[in-house]
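Student: Mind having a look at this structure? Questions to follow.
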Ligand SMILES: *Cc1c(COP(=O)(O)O)cnc(C)c1O
């Protein structure tokens, strides 16, 4: 459930008409709902309320400071994968003891930044990283809590580009080598083994891969404890999928996911950490765009909108589907005609949807791409010198720009022409 609905024939974000935002800010623009972000975060909290837990929002899904502040103020922890994301979480007021640092290629500078600033735990993904972290921690006179990311070799049954838990993926250490790697970690100065970490992929629409992975984690937890490691935390990663098509069977709910967690690792007495990103932010955002015009092609019509692959790359990158809604409501079944919805960027890949039934849309009319709150604005670029897409946050009947659209002058001003060219 989200808070983007028609009221009086016009699509709203909570109590704000999207047309009003388009008038004030222009298009394209991302619009997020405070109520939906809050609701989704609370659903995860409730799903784990049977145990000690921390819901760490995966910052990479949506890293706008206002979104992080909103979630952080609700009590969320943060899962970060770079020094930049760590800085964002801190700037949003999240204390270091609620931040976990994931990622296969942390630099020594990033390690030092997080150790100095305060960190709940590093999720370590390799033996070279263990050695480096041990050195950095020692050089700062610190002892840092770590979990080792274990690759359970399960098939997450999701898009290949977002599957991370198979042995051929770059993530984590093979579960078969876990005991050896933990023994190595425990022997290194500056590190304190506190837990086990996993993250098997994103947009999972089936609970079975989670069940398999977490069952393996439970076995590993017992084996590591038998080896003398004080495993007190289990970080289960993120990955629970969202409905990208309103009319499709919905993926499992957070409460059902929480049940699987309870059944698999619930009796180990560990604090549970989870790292949902998409499920909190995905359906809490839309990308609002204007129709430029419709172009008649050979045997197909192209609806050309002012948003493009540089603003929302998921269709081009993951073959992702986003429902597209006219902001002005139509009576159901008003002569929908299949169109290809495309942006202005000079790439054939700049196609949002092929052959989708949409009512006839006037030039200048607004459309909303649903489910765009996660992996949307964070992946935006200025390709084709299109200024970076702005973001707006709605709360009830108010809205605020949380990232303004740069002017073309501001965009150009970032480049430098060397002396020898002038
Ligand atoms: C991407 C990622 C997440 C979040 O995944 P979602 O599918 O958005 O929930 C969590 N943890 C790690 C380590 C990640 O890389």
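For all residues, glycine too, the Cβ spot is worked out from N, Cα and C.
Heads up, here are the entries from TrEMBL:
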- 346: active site, proton donor (ACT_SITE)
- 239, 275, 276, 277, 278, 375: pyridoxal 5'-phosphate binding site (BINDING)
- 278, 314, 318, 347, 375: substrate binding site (BINDING)
- 30-373: domain 'Orn/DAP/Arg decarboxylase 2 C-terminal' (DOMAIN)
- 35-281: domain 'Orn/DAP/Arg decarboxylase 2 N-terminal' (DOMAIN)
- 60: N6-(pyridoxal phosphate)lysine (MOD_RES)
Student: If you count the other Cβ atoms within 10 Å of each Cβ, which of the binding-site residues 275, 347 comes out on top?
Tutor: 275
Student: In Å, rounded, how far does the Cα of residue 318 (substrate binding site) sit from the Cα of residue 278 (pyridoxal 5'-phosphate binding site)?
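Tutor: Answer for this pair: 14 Å between alpha carbons.
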Student: With the substrate site defined by the record as 278, 314, 318, 347, 375, how many Å span the farthest pair of C-alpha atoms?
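Tutor: Among the residues the record ties to substrate, max Cα distance equals 27 Å.
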Student: Which of the recorded positions 314, 318, 346, 347, 375 have a Cβ less than 6 Å from any atom of ligand 1?
Tutor: none
Student: Please list, in sequence order, the residues in the chain of residue 277 (pyridoxal 5'-phosphate binding site) that are at least six apart in sequence and whose C-beta is under 8 Å away from its C-beta.
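Tutor: Result: 57, 58, 59, 60, 61, 62, 79, 202, 238, 374, 375.
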Student: I want to check the contact list for residue 276 (pyridoxal 5'-phosphate binding site): same chain, sequence separation of six or more, C-beta distance under 8 angstroms. What comes out?
Tutor: 40, 44, 55, 57, 58, 238, 239, 240, 254
Student: Across all protein chains in the structure, which of the binding-site residues 318, 375 has the highest Cβ count within 10 Å?
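Tutor: Answer by Cβ density within 10 Å: 375.
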Student: For residue 276 (pyridoxal 5'-phosphate binding site), name the DSSP secondary structure in the helix/strand/coil scheme.
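Tutor: It is coil.
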Student: For residue 275 (pyridoxal 5'-phosphate binding site) and residue 347 (substrate binding site), determine the Cα separation and express it in whole Å.
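Tutor: Here the two Cα atoms are 34 Å apart.
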Student: Return only the integer: C-alpha distance in Å from residue 347 (substrate binding site) to residue 278 (pyridoxal 5'-phosphate binding site).
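Tutor: About 27 Å separates the two Cα atoms.
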Student: Whole-number answer please: how many Å between the C-alpha atoms of residue 314 (substrate binding site) and residue 278 (pyridoxal 5'-phosphate binding site)?
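Tutor: Rounded to a whole number, the Cα-Cα distance is 13 Å.
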Student: Please report the three-state DSSP label of residue 318 (substrate binding site).
Tutor: helix
Student: Going along the chain, which residues six or more apart from the residue listed as 'active site, proton donor' have their CB under 8 A from its CB?
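Tutor: For the residue listed as 'active site, proton donor', the qualifying residues are 384.
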